[in-house]
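A.B. asks: Pasting a structure below so you can have a look.
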């Protein structure tokens, strides 16, 4: 009885995990696809190149390593075994796409830091193509480390097709430092500087161009607010969300890479899909939370939706409205003081004839 209840609980947990993983997959595809369309249709966005790159990386992950995590045999969530060649391909894709994502997020954060802190120094900003070329070169080198790991085991044994469970061999700590620790430090430095700039701007007293008056409103304006403000205002919320999302999604995966392979393999499915949830969170965090992206999305949505035809309303004959307008002509200097009342009386005589004709 205990075994049957334990098996049912295990199956229920596996089913719930599979459903959540499918939702993450669908959210990553729909969110990144929508954001990519908005960015491509709105090229005047300030960080459009980095946003488009992040969407492309997330879509590549949603089309390759996320389906493998759904369908492959344990430690994946499915039951399809992988042959040695597919196992090596899965290792390489995981070891290359995950650093491409984290380094791309760090590049986006640095670009926004330069745009906010140094808006008048365009010469200090490197070309986006050069930055993303460096990102993909580093990702390719980190992916090549997976090919130097131990070969996949024969089919009766677990294939060890992931980065966590022995896929990188002795290179796992190096891969974790370059794929997670370095982007985390860059992101923390960029958004920390943005937060400090926003905090200084919020604490700076406003400039007063007009002399102070002695009215009651002027005196009340110098009183402190009843509710304390968040230091930095709304500008401090975006850095906090970006750093918090990066730590929540990628810190468990990075710690698992530094743990022994046996312990990492025990928690591989959970830690991996927590990291994969970042692919679904990026469109909302770096897209919908940005006002220019929301405005562009609303404009494109209004263009795409069919417009309802305007209903033609019949204009009825309103004699009272016409009489009120004619009464207003009394103040018109063009008409004499007695012309407007004569027109009103003439229209009043014609009213019965108009009603009989209708």
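Using N, Cα and C of the backbone, Cβ positions are placed for all residues, glycine too.
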A.B. asks: Give the range, chosen from 149-173, 174-198, that TrEMBL lists as transmembrane segment.
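C.D. replies: So the range that TrEMBL calls transmembrane segment is 174-198.
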A.B. asks: Can you dig out which of the ranges 127-148, 215-236 TrEMBL describes as transmembrane segment?
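C.D. replies: Residues 127-148 are the ones TrEMBL records as transmembrane segment.
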A.B. asks: Apart from its near flanks, which chain residues at least 6 from the ends of the transmembrane segment (50-72) lie with a Cβ under 8 angstroms of it?
C.D. replies: 18, 21-22, 24-25, 28-29, 32-33, 35-36, 39-40, 78, 80-82, 90, 93-94, 97-98, 100-101, 104-105, 107-108, 111, 128, 132, 135, 161, 269, 272-273, 276, 279, 282-283, 286-287, 293
A.B. asks: Taking residues 6+ outside the transmembrane segment (92-115), which of them lie with a CB under 8 Å of any CB in it?
C.D. replies: 46-47, 50-51, 53-54, 57-58, 60-61, 64-65, 68, 121, 124-125, 128, 131-132, 135-136, 138-140, 142-147, 162-163, 167-168, 175, 178-180, 182-184, 186-187, 190-191, 193-194, 242, 246, 250, 253, 275, 278-279, 282, 286
